[in-house]
Amino acid sequence: MGSQEEDQRSLLEDVLLSEENGNKGPYTGDGSVDINGNPVLKNGTGNWRACPFILGTECCERLAYYGIATNLVTYLTKKLHEGNVSAARNVTTWQGTCYITPLIGAILADAYWGRYWTIAVFSTIYFVGMGTLTLSASVPAFKPPSCVKSVCPEASLSQYAIFFVGLYLIALGTGGIKPCVSSFGADQFDDTDPAERVKKGSFFNWFYFSVNIGALISSSFLVWVQDNYGWGLGFGIPTLFMALAIISFFAGTTLYRFQKPGGSPITRMCQVAVASLRKWKLDVPHDSSLLYELPDKASAIEGSRKLEHTDELKFLDKAATVSDLDLKTESLSNPWRLCTVTQVEELKILVRMFPIWATTIVFSAVYAQISTMFVEQGMVLDATVGSFTIPPASLSTFDVISVIIWVPIYDRILVPIVRRFTGKERGFSELQRMGIGLFISILAMAAAALVEIKRLGIVKAEHLEHQKVAVPLSIFWQIPQYFLVGAAEVFTFIGQLEFFYDQSPDAMRSLCSALSLLTTALGNYLSSLILTVVTYITTLGGKTGWIPDNLNEGHLDYFFWLLAGLSFLNLLVYVFCAIRYRSKKAS
């Protein structure tokens, strides 16, 4: 797909790499190996031929996860007889944990085990957790008796223990899968091959597509099974799919390309910081070639290519500056005193990525409204279609459908069209793609605000201000805001996956993926913080506030406009940071 010159250059790189490794044949140029640690041939491994197994794993795992998460609050209230506040707190705490544990899996993958074995180990933990959860819902002794009229026996300490052990084993298990599966899938495409680079961008689209297929099945079919056929079967089916995820993953082993773990990224960053501070009085040479680096193409970091020196964050270059003391004491092999340029550039990359990372937190706060304020809004809309009542939370299905529609449109139609104008392999750059998503998120909040303005107009006209009832406005008016959020996801979340994979150092890709996932947890926390502050300020002096228990008395539209305004300001900051961002350069 690249130009003739790019193809010739790529072929020349392959030949040079093959000669350096003492091997003949078309080997990958990105340092990937087979499961035995040997250089891997491009033909017969990786590429799209390996991806069905990885995408199948992700689809089944996400189906299992959402099969638990989507209806968990219902199980806690109806089967474990918890109160609404306690159940909501337990669910949000667990979900937050699921987005923090990826830091554990990422560090293990990058430092010691590699992505393949991290996925394998944590998938097993995940499956054990799913099995434990299924037993807790199936065995009568592991759950409290059913309610008799209004009397609902509390769960015993042991019953709680079995349930929450299973639940948090799942949280730990997902911590090893979330940051590694997308990166492992992207590892199947050779960065040094222009044609494979294009396919890698397409992979992230279909990866997110697989996630949402799993979510769609869970939020519809599995919720129906749990409500109509019991929780033993409702948890048992996701457990079965988790087993299928493990089988799918191992089935592709001979086709996979592997990246070697490069040691602890946390340790390397600390070494750069310590070495820089030790030499804080030392002047950095004007000629960057005088900075310390290993000769030839060898890198001091296992499984990582060298990084070219950049002029930003000069203070950190002190860590790679060779002092007279280093020469006298022969400290060239002590990374706590002297680091390579590549090691210094790793930390520089993370520092440069931080502003981009921070601006996606506000987007995650907007995304969090799907399961919070959008549902609250839906509860005071007319949810009846004939004799059937639509659960307000089920409208999140339209967000999933939007993603499923937008992914092929983006991948098959939009990218080829945009490529003609931009000349970029993937149409838009990752930063452009994320920016478009941030803009669409503003439109989503504006759409939600407009629906609320229309709803409150009916409330006033019908004199329903002091009645806690739904208004005669169809819940389907919410569909545009769900569709817009889904479109924003396709641009921002997938662009974020691409950005944190492509721009991260080779030996930190799992960690950077985990950091991108962390924005989801922080976005939820930010949403809660905004809601708390808004409630406090707007209820001062005994006022009703924007979001009272009876939304007919409030102004939820102001809350949506506030999020739209914050998203607009966030977009301005993002554009400023994106313009100043300098992409990494591998030598």
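Yeah, the Cβs are placed from backbone N, Cα and C, and that goes for glycine too.
Note that TrEMBL annotation is computational and uncurated.
Sequence annotations record features per position, and here TrEMBL assigns transmembrane segment to 116-137 (among others). Within its own chain, the transmembrane segment (116-137) is flanked in space by residues 35, 57, 61, 64, 68, 75, 79, 105, 108-109, 143, 159, 162-163, 165-177, 180-181, 184, 230-232, 234-236, 238-239, 242-243, 245-246, 249-250, 253, 256, 258, 510, which lie at least six positions past its ends and keep a Cβ under 8 Å from the stretch.
Below 8 angstroms of C-beta separation, residues 61, 65, 68, 80, 94, 97-98, 100-105, 108-109, 118-119, 121-136, 142-144 of the same chain, each at least six residues beyond the ends of the transmembrane segment (157-177), sit close to that stretch. Positions annotated as transmembrane segment by TrEMBL: 157-177 (among others).
According to TrEMBL, the feature transmembrane segment maps to 206-225 (among others). Tertiary neighbourhood of the transmembrane segment (206-225): same-chain residues 51, 54-56, 58-67, 70-71, 181-182, 185, 233-234, 237-238, 394, 396-397, 400-401, 403-404, 407-408, 411, 489-490, 493-494, 497, selected by CB-CB distance under 8 Å and a gap of 6+ residues from either end.
Here TrEMBL flags 231-251 (among others) as transmembrane segment.
Here TrEMBL flags 349-370 (among others) as transmembrane segment.
The transmembrane segment feature in TrEMBL is assigned to 390-410 (among others).
Taken from TrEMBL, the feature transmembrane segment applies to 431-451 (among others). Residues of the same chain lying 6 or more positions beyond the ends of the transmembrane segment (431-451) and with a Cβ under 8 Å from any Cβ of it are 356, 359-360, 363, 366-367, 369, 373-374, 377, 477-478, 480-481, 484-485, 487-496, 498-499, 557, 560-561, 563-564, 567-568, 570-571, 574-575, 578, 581.
The annotation transmembrane segment is assigned in TrEMBL to 482-501 (among others).
Annotation comment: TrEMBL describes 513-538 (among others) as transmembrane segment.
The transmembrane segment annotation in TrEMBL covers 558-579 (among others).
Stretch with the most C-beta contacts under 8 angstroms to the transmembrane segment (513-538), considering only 231-251, 349-370, 390-410, 482-501, 558-579: 349-370. Cβ atoms under 8 Å from those of the transmembrane segment (231-251) belong to residues 53-54, 56-61, 63-65, 67-68, 71, 75, 79, 119-120, 123-124, 126-127, 130-131, 133-134, 137-138, 218, 222, 225 of the same chain, restricted to positions at least 6 beyond its ends. Contact count against the transmembrane segment (390-410) (Cβ pairs under 8 Å) is highest for 482-501, out of 349-370, 482-501, 558-579. Here the transmembrane segment (482-501) has long-range neighbours at 182-183, 186, 201, 204-205, 207-208, 353, 356-357, 360, 363, 366-367, 369-370, 374, 395-396, 398-403, 405-407, 410, 426, 428, 430-431, 433-434, 436-438, 440-441, 443-444, 447, 509, 512-513, 515-516, 519, meaning same-chain residues at least 6 beyond its ends whose C-beta is under 8 angstroms from one of its own.
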